[in-house]
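See structure below.
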Amino acid sequence: MLKGVENHSLPRTAAFFDLDKTVIAKSSTLTFSKSFYQGGLINRRAVLRTAYAQFVFLAGGADHDQMERMRAYLSALCRGWNVQQVKEIVAETLHDLIDPIIYDEAASLIEEHHTAGRDVVIVSTSGAEVVEPIGELLGADRVVATRMVVGDDGCFTGEVEYYAYGPTKAEAIRELAASEGYDLSRCYAYSDSATDVPMLESVGRPHAVNPDRALRREALARGWPILDFHRPVRLKQRIPGFSVPPRPALVAVAAIGAAAATAGLVWYANRRRANVA
């Protein structure tokens with residue numbers, strides 16, 4: 001599937017991975033909804049709505065307009081949430097919640113890319129409080145995600161500084177390539193969503209993973225490889241055992257509140273329910 005070990009006399013390369021339904025089997029942020037409830041960040045009603053949103057997300061996800069509306073909704077809902085508390089909740093529950101839903105196929109690909117000498121970069125609309133710990137768990141070198149403003153009191157102000165979605169993901173990849181010396185024509189990218197077409201077409205070796213219908217059509221039209229990941233498994237249970245080689249500290253290129261992304265999908269669930277009614 002992959003090219004051999006990198007020729008280090010050539011420019012560096014990287015593999016860019018979307019996170020939800022590409023590396024892990026569920027929405028990373030929605031997976032923490034029960035933990036956020038137990039920590040007092042959301043109420044019981046919101047927990048039920050996030051469960052519904054998880055179902056909707058797995059069934060097909062949100063389109064561009066819905067995701068744009070999520071951005072406005074999440075910023076309002078998360079205003080005043082303590083960032084350190086969110087980080088602590090994620091740290092306490094990360095292995096129990098995320099480890100079991102990592103795709104075995106994705107973990108193998110990450111190993112192969114590292115063995116070949118490529119950097120691994122997680123590129124996600126979800127947040128630093130979720131994505132950075134998952135990146136460390138996987139041995140990723142860098143994380144690109146959305147960024148919300150944090151006030152002097154350590155809480156979200158409700159303002160979105162940077163939204164890692166659609167074309168902005170591709171822009172971040174190009175900026176990272178310029179700063180790190182990646183040759184994008186020889187880089188890889190993986191995603192499940194048609195909203196990530198700009199990211200996929202920014203590299204020379206794009207791959208559709210568990211694609212939604214729109215991305216499947218695009219991949220077939222462009223001749224992009226289509227991969228089927230369907231085996232979530234705990235990393236420590238993989239055979240041979242998954243091992244993360246010693247690597248420099250993960251670099252967060254950008255970040256967002258995990259709770260904020262959860263709130264966005266709560267909004268999406270409400271919208272879908274209203275349409276059905």
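Here, residue 1 is simply the first one shown, and the rest follow in order.
Backbone N, Cα and C define each Cβ position, glycine as well.
Going through Asp153, Asp183, Asp192 against Swiss-Prot, the one listed in the Mg(2+) site together with Asp18, Asp20 turns out to be Asp192. Within the same chain, residues at least 6 positions away in sequence whose Cβ sits under 8 Å from that of Asp18 (Mg(2+) binding site) are Val123, Ser124, Tyr190, Ser191, Asp192, Ser193, Asp196, Met199, Val209.
Excluding Asp18, Asp20, Asp192 themselves, the residues of that chain whose CB lies within 8 A of the CB mean position for the Mg(2+) site are, in sequence, Leu19, Lys21, Thr22, Val23, Ser124, Ser191, Ser193, Asp196, Val209, Asn210.
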